[in-house]
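These features come from TrEMBL:
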{"type": "TRANSMEM", "residues": "A:21-42", "note": "transmembrane segment"}
{"type": "TRANSMEM", "residues": "A:54-72", "note": "transmembrane segment"}
{"type": "TRANSMEM", "residues": "A:93-119", "note": "transmembrane segment"}
{"type": "TRANSMEM", "residues": "A:131-154", "note": "transmembrane segment"}
{"type": "TRANSMEM", "residues": "A:161-182", "note": "transmembrane segment"}
{"type": "TRANSMEM", "residues": "A:194-217", "note": "transmembrane segment"}
Amino acid sequence: MTGFVRSLVLREARLLFRRPAELVNPLIFFALVVALFPLAVGPQAELLRELSPGLIWVAALLAVLLSLDGLFRSDYEDGSLEQWMLSPRPLAVLVLAKVLTHWVISGLALVLLSPVLALMLGLPSQCLGTLILSLLLGTPTLSLLGAIGAALTVGLRRGGLLLALLILPLYIPVLILGSGALQASLQGMSSSGQLLWLGSLAVLTLTLSPFAISAGLRISVGE
Amino acid sequence: MTWTLFHKLGSPKWFYEISSRWLPGLACAAVLLLVTGTVWGLVFAPEDYQQGNSFRIIYIHVPAAFLAQSGYIFLAVAGLISLVWKMKLADVALQAAAPVGAWMTVLALVTGSIWGKPTWGTWWVWDARLTSMLILLFLYFGVIALGQAITNRDSAAKACSVLALVGVVNIPIIKYSVEWWNTLHQPATFTLTRKPAMPAEMWLPLLIMVVGFYCFFAVVVLMRMRLAVLQRESRTAWVKAEIERTMPKRTLR
């Protein structure tokens, strides 16, 4: 059971590191979107600090979504997905291993980049712990939900915009809780309620979404 | 007994025949209830002591909001049936109901916004129930867009089923998170457990309108389903015979 998961994780990691552009582009996008807002609303430090929780979370959410567009595409094109369907291993486990590997590499990079951008927006440094914790708990949910959309749209030629349309409404609870946690810590209140909710959402998607992802892949490959 | 009915629904021909017997009754009920409810609600129901006549839009707004939510649950139930029992008719029902549900959501949003102008002084506020209605509309759009993007009919229906199920699991989470985020809207007008706060002359027409909207929804969905069944089964003998029977003059050569 563990052997094939390990080889799958290693393969995914190797593939991601051999195409660094796919890893770096969402991060550049994240930084770019954050940089657009001061240009649009003005450089007042007070205003930017007020807005920063929402800005960072919206930018992070869009970056995760962008990174997921190609999640299954190369596997679909080279036929690996068909082999997954045929393999006696449970598809949900394979899918979970793949998505989590993707998250560990691209999601963690996003989490590590976020404090820099937050400080640039003027978020006080005592909020950085909440920021990192909320992103650590929230981005797995974003990755897993996005993978459902990626699985359903993998066979389509221009799935990118459709993926956003399908998945963004489902991201709303994470957005509310994540930016709410940050807002609370910015106002000096405890953010543990929101963080616990983010954690329970992560557990919920971790248990349920692999089945939806594998159902989506079966449909896309069967077409 | 109920299971035989359920299994019979697997046959498109049987559905087409039985629905043609249901339709006239349902359509009459819908027209009767909607006309009664509208006239009673808009003309005879008493004025609200605070909002005056502007409250009367409730007779459109609340039923539309009911249907918007029930419509998505209908999609999810059809999706579940389609995935578990592989019933083609459930696919048809899902794709027939999605645009109708989306229109109901639009109607609820538009009437809500018209109602908001005199009562709250603004067309739109970012309050919990308005926002979750807007999100529901986006969920409907997702199902419709996915159904249209996939060219293969059967995989489109299956993909929509998965998406509708994922959406229905998320709806309570979205609803509660949005509610937590902000609340300004008045609490739900109708609950099954409590006695309504409105006088009977006000809520009776509302109840009639809600039932009428359900009948209307059923009629429209059934008609759309019948058309879809005819299109899907157009190669079969019974559809050819049916078309021959209903349109004898326009023989297709």
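Glycine is treated like the rest: Cβ placed from N, Cα and C.
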Grab the same-chain neighbours of the transmembrane segment (A:131-154) for me: Cβ-Cβ under 8 Å, and only residues 6 or more beyond its ends, written as numbers and ranges.
56-57, 60-61, 64-65, 68-69, 71-73, 76, 81, 95, 99-100, 102-103, 107, 110-111, 114-115, 118, 123, 162-163, 166-167, 170-171, 174, 177-178, 181-182, 191, 194-195, 198-199, 201-202, 205-206, 209-210, 212-217, 219-220
Top partner of the transmembrane segment (A:161-182) among A:21-42, A:54-72, A:93-119, A:194-217 - counted as Cβ pairs under 8 Å:
A:54-72
Could you tell me what the rest of the chain brings near the transmembrane segment (A:54-72), counting residues at least six beyond its ends with Cβ under 8 Å?
22, 25-27, 29-30, 33-34, 37, 48, 81, 98-99, 102, 106-107, 110, 114, 117-118, 121, 123, 131, 135, 138-139, 142-143, 146-147, 149-151, 154, 159-160, 163-164, 167-168, 171, 174-175, 178-179, 182-183, 217, 220
